[in-house]
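This report refers to the structure that appears directly beneath it.
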Amino acid sequence: VQLSGEEKAAVLALWDKVNEEEVGGEALGRLLVVYPWTQRFFDSFGDLSNPAAVMGNPKVKAHGKKVLHSFGEGVHHLDNLKGTFAQLSELHCDKLHVDPENFRLLGNVLVVVLARHFGKDFTPELQASYQKVVAGVANALAHKYH
């Protein structure tokens, strides 16, 4: 990911304030609500029948936290995203057969959730930096598909 030193510092400073459980649960929940076809990868999660069920589902929240924790690993290793996400890329490609477009969708949903949580602190400049980061993470996760 091509970020200036200032952009990296801003991304890391915001990330240090992120509540992984809260933001992760909301981001994954929103992905499943906004793009309902993504629910097919989460058959074992129980009731995903409506937005309230999805957003209140403890398995969605728990997996969202796990996803966001992994994303945070990427934030701290921006110069080696492919290496950081190599195993997850392999898992999602070879075993789970997740459409790599879903990584881009989740990244965009995450940016929306960050904006919601951080309000005016999530400036257009910071959004631009995070868009670069989520695109880089999505590309790293899609790496094994090529």
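Residue numbers in this text run from 1 along the chain shown.
Cβ atoms are placed via backbone N, Cα and C, with glycine included.
Per Swiss-Prot, N-acetylvaline is recorded for VAL1. Counting every protein chain shown, 19 other Cβ atoms lie within 10 Å of the Cβ of VAL1 (N-acetylvaline).
Sequence annotations record features per position, and here Swiss-Prot assigns domain 'Globin' to 2-146 based on sequence analysis.
The phosphoserine annotation in Swiss-Prot covers SER44 and is backed by similarity to another entry. Long-range neighbours of SER44 (phosphoserine) (same chain, six or more residues apart, CB within less than 8 Å of its CB): LYS59.
What Swiss-Prot records for LYS59 (among others) is N6-acetyllysine.
Under the heading heme b binding site, Swiss-Prot lists HIS63, HIS92. Counting only same-chain residues six or more apart in sequence, the Cβ atoms lying under 8 angstroms from the Cβ of HIS63 (heme b binding site) belong to LEU28, PHE42, PHE45. Secondary structure from DSSP puts HIS63 (heme b binding site) in a helix.
Per Swiss-Prot, N6-acetyllysine is recorded for LYS82 (among others), and the stated evidence type is similarity to another entry. DSSP gives LYS82 (N6-acetyllysine) a helix state.
The S-nitrosocysteine annotation in Swiss-Prot covers CYS93.
Here Swiss-Prot flags LYS144 (among others) as N6-acetyllysine, drawing on similarity to another entry.
Between the C-alpha atoms of LYS82 (N6-acetyllysine) and VAL1 (N-acetylvaline), the distance comes to 10 Å.
Of all Cβ atoms in the protein chains displayed, 15 besides its own lie within 10 Å of the Cβ of LYS59 (N6-acetyllysine).
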